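Participant: Pulled these from TrEMBL:
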ACT_SITE  CYS406  active site, nucleophile
BINDING   CYS289, ALA290, GLY291, PRO292, GLY293, GLY294, LYS295, ASP314, ASP336, ASP353  S-adenosyl-L-methionine binding site
DOMAIN    189-465  domain 'SAM-dependent MTase RsmB/NOP-type'
REGION    1-30  region 'Disordered'
Amino acid sequence: MTRRGDRGTGRGPGGRPPAAQGRARPRRDEARNAAYDLMRAVDERDAYANLLMPTLLRQRRISGRDAALATELAYGTLRGLGTYDEVIAACSDRAPEDVDPPLLDAIRLGVHQLLRTRIPPHAAVSATIDLVRLRVGPGPSRYANAVLRKVAGRTLEQWLEIVAPPADEDPIGNLAVTHSHPRWIVSAMRDALGGDLGETAALLEADNERPRVALVARPGRATLDELVEAGAEPAAYSPYAAYLPEGDPGSIRAVGEARAAVQDEASQLVALALARVPLERDRSWLDMCAGPGGKAGLLDALATQREARLLASDVQYHRARLVWNATREAAVVTADGTEPAWRPGAFDRVMLDAPCTGLGALRRRPEARWRRDPRSVPELTRLQRHLLVSALDAVRPGGVVAYVTCSPHLDETRAVVGDLGDRAETLDAREYLPEVPDLGDGPYVQFWPHRHGTDAMFLALLRRR
Ligand SMILES: C[S@@+](CC[C@H](N)C(=O)[O-])C[C@H]1O[C@@H](n2cnc3c(N)ncnc32)[C@H](O)[C@@H]1O
């Protein structure tokens, strides 16, 4: 990382301190410095913003409004940088990719403040210039100043009129720039939404919102009332879900004791749908890709209530350990689902929550959309098909497999479950979630952030013939 002094001495020509050049000594703003450090860690070390931010705030003892500001600035800038780079390009004689990354990140932070926050423009510019002087150097601050002053001359809407391709000529490009998503993701979302561009725009907008914190009360181990007493509000669909408007979920007793947990509502509902399919024999369940254990935690609780047993497995040891912590009665193993460690036909129900691009959870990981690579899709779909064949081998004839992805990409969803021949009967999964509206045309279920306030999770229920 470029540190103060790497690029400049902090002193003006002739050894004069910067204050002597007509500008006061730059002020160190803790919130903006934390946001900036987070962005640099994402760029340089492939850090996960949502994992690093709480640590960074704790280490620096940043709390309250400053913590909220640092988080908003960092996450908002990471989400919005597709739009911001187009604006920066229009205000500079250098393309963003030719700007030194530490300087570019600082300018992006400034653009975010100017175009998407209520911070007064003069404060946004001067705070950013201070940040550049402190962290990048006095020379680059002149360039940053020139760019930001141009950016400040227009609103976001006015800039979009200039920098976004016209919607009638290039609808995907228009949505990509307007809502700050890579083009290939916009195309994939549009396809999954049946070509509806208006709905695609609503989805992309929802991806730019921070998701609410959803909790699950694992049945038989915690109650919704317990979560409500701790300040949560019952959710719309899942009988086990509540949303926590504020506060640290870890401080809720039931969460601390693993009787409840943080879990997206759609994740709860796909597990519930699998458990709801009526079966004559119902003793033995498998969660094939269980780490870190969100769905396994709920399946384990549901299985225990009806005296069935769950085997939870993951190919990675450290993820299997997390499953161990999330479950109480389940047997947990480290195993590759494509090379089964179990007898064929041993299970009545199998959950296959397959590794995927995660395009359905972009709300949660501000930088994820820029990290995903469309070239990873064919490799993932090969693995998904392989795991699905294995899941169908693992379930007994008449038993049921839930194929789940946290991605609505058609290659990972319909294309994987659509060519099973006569190995399996596809059930209408919507019938097992009657409380949830707008799940699509069936027989599959597709959750959406803009429709349900959940991740964009896909579910197919397949009964082995
Ligand atoms: C989408 S995540 C599962 C999330 C989990 N079901 C939950 O609700 O918390 C996919 C998991 O599949 C695991 N995985 C990837 N390849 C696998 C394989 N060949 N066999 C078993 N697990 C695999 C990954 O380690 C990852 O933990």
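The backbone N, Cα and C atoms fix where each Cβ goes, glycine too.
A quick note: this is a predicted structure, and the numbers were derived from the prediction, not measured.
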Participant: Using DSSP, would you call LYS295 (S-adenosyl-L-methionine binding site) helix, strand or coil?
Facilitator: helix
Participant: To the nearest Å, how far is the Cα of GLY293 (S-adenosyl-L-methionine binding site) from the Cα of CYS406 (active site, nucleophile)?
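Facilitator: Cα-Cα, rounded: 14 Å.
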Participant: For ASP336 (S-adenosyl-L-methionine binding site), which residues of its chain lie six or more apart in sequence with Cβ-Cβ distance below 8 Å?
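Facilitator: Residues satisfying the criterion: VAL315.
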Participant: Work out the three-state DSSP category of CYS289 (S-adenosyl-L-methionine binding site).
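Facilitator: Reduced to three states, the DSSP call for CYS289 (S-adenosyl-L-methionine binding site) is coil.
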Participant: To the nearest Å, how far is the Cα of LYS295 (S-adenosyl-L-methionine binding site) from the Cα of CYS406 (active site, nucleophile)?
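Facilitator: Checking the Cα atoms of LYS295 (S-adenosyl-L-methionine binding site) and CYS406 (active site, nucleophile) gives a distance of 12 Å.
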Participant: Can you name the residues of this chain that are 6 or more positions from CYS289 (S-adenosyl-L-methionine binding site) yet have a C-beta less than 8 Å from its C-beta?
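Facilitator: Long-range Cβ contacts: SER313, ASP314, VAL315, GLY337, LEU352, ASP353, ALA354, PRO355, LEU387.
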Participant: Between GLY291 (S-adenosyl-L-methionine binding site) and the residue listed as 'active site, nucleophile', how many Å separate their Cα atoms?
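Facilitator: Between the alpha carbons of GLY291 (S-adenosyl-L-methionine binding site) and the residue listed as 'active site, nucleophile' there are 14 Å.
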Participant: Along the domain 'SAM-dependent MTase RsmB/NOP-type' (189-465), what average pLDDT does this model show?
Facilitator: 97
